[in-house]
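Remarks on the structure that follows.
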């Protein structure tokens, strides 16, 4: 687990370097929007065909198969699933190549012909990513089921490094051009997939080439996947609407992409780790009907997530401009781009706690073997997001789309909490509320400090170079962390110690836990 956590951290860091390179090389130019929109499309299609299905149901089925004594038959059954998935992805890739003009048109209804042509150019090179993402996810699913976490966590690093090299070559190597950039981006996904396959052999992988779409393992995956597929379809419809609204503004697609990568960082680094600590035992408690302990874990999940996410939200609100300026503003990424992205990030951050709580409670519903409630919540969330986006984009532009995201997640997080309380009366919302008040108070004190530091930054730091600014920002963030910890101690927020100990225990090597 330590390897997975460190691998995830390294992956996130190289991801930030990639986004910084992308901003410096492409900025918020039309070519940046074309590149980013074309890059979104293969991911959307992969998620629609297989992505959500693999993440939700593939690993449990693999674990179930490998728990049987007949390992050879288990690998044959798993191979049936893999082969069926690859055929579906291969056929989809071919159809997307043939239908690429139509797919691009659907995503660029409001775009001009030149931008649409650029998106189509990139997308033709990016189409193979659909099957490559599938290869990567299938390998990663099997490795995770075999408790081989490190290589799966590090695989995106290979992707990030290859894309960074491609961006650097596009900027500094004469003749590399957009063809080289497009090919390099797809090679990154290929590298992410291939780097995992040597570890499959070590994990005992036995491949069997056989195809039977009526095989029980394939049918089981399909049946389990139907609610997940509906869930993913709703997400993709909402994303298509957002893309068409964003493309009306130069740099709009890129601003949303870059800001969203920053926005999900606290969730990806910390909230996911908290979920990894707390959630594995929920299914067992549900089977035993031990509802008081089950409710206790849900309470902890909400409180522990809030301890990390609420102060992160406040820091994003108050220091988004210095953060974006240090990490992104260079090359073709101008001060105007910084201001737009910082505003978008601030708007996104208003929904960060709601986003985290909604995803946590979603997994709680799944542990209760309830797939209908997450689907219904997702429908409400996407419908709300679309309606709010249409209302706000005309008033606020691109920041309105980020604000719509935040508002939609706030709505469904509130509904999720109400539903889980109805399902689990043992949840002590009074206890949760008292802790949230303490966390909010400590975060607001931290925010006051951050507001003062942001004002100091705006008045004094404009003429400094990158490295002095980076050093000062690091100092600011360190001071704010210390201020938050001191405020939390003052308000008696003892749960901070529980969070630190639990994550340390989870990250420690297994030998030290025995």
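Using the three backbone atoms N, Cα and C, a Cβ is placed for every residue, glycine included.
Remember, TrEMBL labels are computer predictions, not curated facts.
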Of 363-385, 432-454, the range TrEMBL labels transmembrane segment: 432-454
Which range of 4-23, 24-43, 44-63 is transmembrane segment, per TrEMBL: 44-63
Positions whose Cβ lies under 8 angstroms from the transmembrane segment (119-142), at least six residues beyond its ends: 34-35, 37-39, 41-43, 45-46, 49-51, 54-55, 58-59, 62, 78, 82, 85-86, 89-90, 92-93, 96-97, 100-101, 103-104, 107-108, 111, 152, 155, 178-179, 182-183, 185-186, 189-190, 192-193, 196-197, 199-200, 203, 205
Folded-back contacts onto the transmembrane segment (176-195), same chain, C-beta under 8 angstroms, at least six residues removed: 31, 35, 39, 121-122, 125-126, 128-129, 132-133, 135-136, 139, 151, 154-156, 158-163, 165-167, 169-170
Intrachain neighbours beyond the transmembrane segment (260-282), with Cβ under 8 angstroms and 6 or more residues off its ends: 1, 5, 8-9, 12, 15-16, 19, 294, 297, 300-301, 304-305, 308-309, 312, 316, 323-324, 327, 345, 348-349, 352, 355-356, 359-360, 363-364, 367, 499, 502-503, 505-507
Remote residues contacting the transmembrane segment (432-454) - C-beta distance under 8 A, at least 6 residues beyond either end: 299, 302-303, 306-307, 310-311, 313-315, 317-319, 321-322, 476, 479-480, 483-484, 487-488, 490-493, 495
